[in-house]
Amino acid sequence: LQGIFVLGLPYALLHSGYSGLLLIVLAAALCCYTGKILIACLYEENEDGQQMRVRDTYEDIANVCCKKLPPSLGGIVVNVTQVVELIMTCILYLVVSGNLLSHSFPYVPVTEKTWSVIAFVTLLPCIFIRTLKIVSKLSQLCSLVHFVIILVVITYCLTQMHQWSWAKFRLSLEFEDFLVSIGVIIFSYTSQIFLPTLEGNMKNPEEFRCMLNWTHFFACVLKTTFALTAFLTWGEKTKEVITDNLPSFLETPVNLCLLTKALLSYPLPFFAATEIVCSCISKGSHSNSRSPLLALTVRGSFLLLTLLMAMFTPHFALLMGLSGSVTGAAMTFLLPSLFHLKLKWKKLTFLEKCADVSVFILGFLCSLAGIVCSIKGLLEVFG
């Protein structure tokens, strides 16, 4: 729930004003809701009225919902969408790592791309990650580093409390800037891709809904506090990545913490993407066991792919925005609400149906707006 996007929340407030505070709360509620209905699609009632887990993955849900279409088409579409989003996320972490190293050591005569290669070398052990247990430990360290960064920024902002002014909030908004803010806020909460695996690995899956409520609640409180204190401190001077606003004596250590966070964040989407591909290949070969050589080949290929795209893809940020608007909105809003309506229609109340339809429409509009803005940016870049 706490990603690199969080560092852009103060900048989002700059362009969304008071409505941005409402959006942070609304996005938490919506993402929490779609997470719950997605997991609900994994279960069916047995003859005794008890909920039984009959599906394991996002792919299984898609295949059931699209069973009247060509075989496995729904699962293929979902898997491709998931892998694209996960790989783009991995590439983003590499690009960010190169950028952070370049800014942390400006006097070293090394290009940003070379720094990305150096960061990539530290990620080579990912090829040997075989279980989610290792990934979870790295994610715990990542969360710890993230809280350190947030704590440092908030502490510094509190020392500047004497210059805070609510007059810094905008009353008039630019429509395109507002759309960018929506994208940053919403996608700072997205985690739906990982939820079926997470819920399936919980010791007490019945506590999943409670866990989701509390994590989104605390994430909302933390993000609101962080975004508000940072924006009140720098106002119109707020930069896209808030750590760039910090004084020089804090900027370099915080950038190194960010680098650590980016590198520790990489294994989770990388592991998820390779597991999806390995599972698909194993099913395609009708084999019940997975070859260790196959797993190593897929992981090695994905590692190399992320490096090559980070090195040679021009205007990656705009392409990331375009793919994120399509894949992010689809996996977070469109598909969970659509699948929930399809599988649970007869058991849903009128209000639940209205909620699912509303989420679908909202997700479609956000996706469409993001696509238009990203394509416009690409057209401007390419003249």
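Just so you know, glycine gets a Cβ as well, placed from its N, Cα and C.
All annotation found in TrEMBL is predicted automatically rather than curated by experts.
Segment annotation: TrEMBL labels transmembrane segment over residues 318-339 (candidates 54-75, 318-339).
In summary, the transmembrane segment (76-95) lies against the transmembrane segment (293-312): three or more C-beta pairs, each 6 or more positions apart in sequence, are under 8 Å. When Cβ-Cβ distances below 8 Å are used as the criterion, the transmembrane segment (293-312) is approached by residues 87, 90-91, 94-95, 98, 113, 116-117, 120, 123-124, 126-127, 129-130, 270, 273-274, 277-278, 281-282 of the same chain, each at least six residues removed from its ends. In summary, the transmembrane segment (359-379) lies against the transmembrane segment (178-198): three or more C-beta pairs, each 6 or more positions apart in sequence, are under 8 Å.
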